[in-house]
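Just below is one structure, and these are the notes that go with it.
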C-alpha cells in the first residue's frame, strides 16, 4: 500500500530548477575506423587519442563480444533491421575482464561479422557506420569516471547475398523455439509459462506490475516536473517531452497484463543470450524479452537511488521493443552520470535514461514520505 501511494504521488513532485553535475563526456578522446576484411566481416580499429591510459568498458560498445548492435547498416537509404540482442548488464562491482586498456595513442582491433546480426541475403551495396559512447575508468581502476563518444567513418561494402545468407544468425531459433514462440504470438501470451517455475513466474509478474506503476508515475512526472525532465533528458523541448511521455505510457500499457500484449516474455533463457553479467535481454526483431538467472538476484524494487532492480530492468527492456514504441530505444550509455551526460537527441532514445528517470522519481518521493 505504501508503494502504491508513493507511486501515485510521483507526478505531483515539483523540484526547483538547479544545475546537475555531469560526468565528463569527451567527443575527441577515441577514434573508431571501420574497414572491410571479408564479404561481411568488419574490423573496427579503436585508438586512444588522449595523453593518458584509458580503461574502457566493453558493454554495449563496438568492442562488445556479444551479438549486440555495434554498427548501423543501410541499403538504399533504409536501415537493415538488427537481429541481435539488446542486453541490460549488471553494472555493480565491475571487474577487469570486462575492460580493455589502451595506452595513449595505442590502438586495439575488434572484428565481427555483420551477417550474424543482420539479414544481408539481398546482397548489393551497403553503408556501415558506428556511433556510441564508451564508459571509461582510470588506469588500474574499474570505477567509471568518464565517457568517450565516438563516430566512425562510413564504410561502403559490396556484399554477396548468397554468401551472407550462409552465415548463421547469432540469435538463431531452433525449430522447437520457433514453434513455442509462434504459439505464444497466436495466443497473444505475454509470459511463456513453460519457461517459468513457480518462483520465477511470480517474480516476473511482480516486476511487470511494478514496471507499469513506475512508468505511469514517471509519465506524470515528465509532464509536470520540468526540472527533473531536464535533468534526465537534457531538454525541455515540447516534442521531445511528448515522445518520452508517449513511450512511458506505452511501457505502462505493455507491462499491465501478463496475458496479452505486443511482446513475448520468457522467465528463462531461450536463445542463448544470458552471457556473463547479462540481467535480461531483448530481441527487437521478434519483440521478445528474456530474463537471465542473475535477474532474480536483484531486488524487486530498490530503495537506492539509481540502483538496478527487477522492475526497472523490465521497464528498460520494454523500451527496446518496436511493438511497444517506435523507434525503439538504443543502449548509448549506462548509469546516471553517463546517461545525463548524453546530448538530448541520444538521451531521449537511450533505454537507461527511462529506467533511471522512473527510479529517480520513485526514490525522491520514497525518501520524502518514508
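Glycine is treated like the rest: Cβ placed from N, Cα and C.
What Swiss-Prot lists as signal peptide is 1-19, and the listing cites sequence analysis.
Annotation comment: Swiss-Prot describes 196-267 (among others) as disulfide bond, evidence class similarity to another entry. Under DSSP, residue 267 (disulfide bond) is assigned to coil, being neither helix nor strand in the three-state scheme. Within 10 Å of the C-beta atom of residue 267 (disulfide bond) sit 23 other C-beta atoms, taking all shown protein chains into account.
The disulfide bond feature in Swiss-Prot is assigned to 274-292 (among others); the stated evidence is similarity to another entry. Cβ neighbour count for residue 274 (disulfide bond) (all protein chains, 10 Å cutoff from its Cβ): 21.
Listed in sequence order, the residues of the same chain lying 6 or more apart from residue 320 (Zn(2+) binding site) and placing their CB within less than 8 Å of its CB are 86, 282, 284, 328, 329, 351. Residues or ranges marked as Zn(2+) binding site by Swiss-Prot: 316, 320, 331.
With a 10 A radius on its CB, residue 317 (active site) counts 30 other CB atoms from all the protein chains. The active site feature in Swiss-Prot is assigned to 317.
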Counting only other Cβ atoms and using a 10 Å cut-off, which of the disulfide-bonded residues 196, 292 scores lowest? 196
Name the residues of the same chain, 6+ apart in sequence, whose Cβ is under 8 Å from the Cβ of residue 331 (Zn(2+) binding site)? 60, 68, 69, 86, 87, 350, 351, 352
If we take the Cα of residue 267 (disulfide bond) and draw a 10 Å sphere, the recorded positions of 274, 292, 316, 317 inside it are 292
